[in-house]
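What TrEMBL says about this protein:
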BINDING   91, 102, 169  CoA binding site
DOMAIN    47-234  domain '3-hydroxyacyl-CoA dehydrogenase NAD binding'
DOMAIN    236-333  domain '3-hydroxyacyl-CoA dehydrogenase C-terminal'
SITE      190  site 'Important for catalytic activity'
Ligand SMILES: NC(=O)c1ccc[n+]([C@@H]2O[C@H](COP(=O)([O-])OP(=O)(O)OC[C@H]3O[C@@H](n4cnc5c(N)ncnc54)[C@H](O)[C@@H]3O)[C@@H](O)[C@H]2O)c1
């Protein structure tokens, strides 16, 4: 069906302008135009499905509901659904109480807004609840062996005009766009953590993505108040492609003994204006996550010289030192506060 839509759409765009019209032509043109419009799918995003209500998905569901979208929030297991609900509730309460504190909203207004936003979200453990969704944003675990069967199933459950957006950070979108059966209606929709605060969304446009799909997704991103940037299906997209190799170089510099952990971080903060130094950031992201991303890239793109797994990173993860989440990595951590360099 997608191929049919696409060819109709492209043929409309490619039609040469008519320079003269015979007496009966205005009517024929009108009929032809009406037919073409009817054949071109209308990607009007009103209902947004979010699958996976973890760290990222709960934020995506929340910002979508706050922007006025009807949201269908889907999880795989009941406990995860419960904790997704709680996360949404907690984040929304926090946002609204800050607005009250700052005088942007009255307490009564905040309560009304909370009810309104909550009413827009329905929760389900059943993927079939997404059957009427116009856009499905996937934020499930970063594992190709989970994402491929997920998309195969999703493609057969939702309406033919639904658009799919994956929030993957490090996988190749094309690897699961094809199994979904609708690569022409597929984009990467890469949000940043925490979704409620971070203003950027990378829209990854595949060669197959239809222009009308891309425009509809751009409209969605604008309506949720984020800034969109666009790139191709390239590893790490824009931000992580530039950021992760910088973390690697900082680790290698430390390994070679060229500078201390603190000096590397202070240098990049004060010299390059980064809010956080690269080793601090690696600890913050989680060293296991950094290792997972790098190992995946090295395996998939063995000829890319920027993708290297530093031996110090592997050793730290093997020793259970995962950064902030485990209490030690390049730094020793107390909760969310880094205390001192670990070595
Ligand atoms: N954590 C980040 O900073 C970050 C940033 C950008 C993008 N991402 C990407 O977002 C995605 C999710 O990451 P996260 O950090 O939110 O993970 P998470 O582990 O916090 O959440 C994933 C959720 O997906 C659910 N899930 C797993 N399989 C499912 C299925 N088949 N159906 C429905 N739900 C399912 C899990 O129960 C879990 O609640 C990943 O692809 C990740 O690469 C993460």
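Cβ atoms are placed via backbone N, Cα and C, with glycine included.
Overlay of TrEMBL annotations on the structure.
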residue	record	DSSP (3 states)
91	CoA binding site	helix
102	CoA binding site	coil
169	CoA binding site	coil
190	site 'Important for catalytic activity'	strand
Around the Cβ of residue 190 (site 'Important for catalytic activity'), other Cβ atoms found within 10 Å total 25
Among 91, 102, 169, recorded CoA binders, what is the largest CA to CA distance in Å?
34
Near ligand 1 by the Cβ criterion (under 6 Å), the binding-site residues from 91, 102, 169 are 169
What is the number of residues in the domain '3-hydroxyacyl-CoA dehydrogenase C-terminal' (236-333) that are helix, strand and coil, as DSSP sees it?
62 helix, 5 strand, 31 coil
Quick note, residue 169 (CoA binding site) and residue 190 (site 'Important for catalytic activity'): C-alpha atoms separated, nearest Å, by 7
Whole-number Å distance between the CA of residue 102 (CoA binding site) and the CA of residue 190 (site 'Important for catalytic activity')?
30
Residue 91 (CoA binding site) to residue 190 (site 'Important for catalytic activity'), Cα to Cα, whole Å, comes out at 20
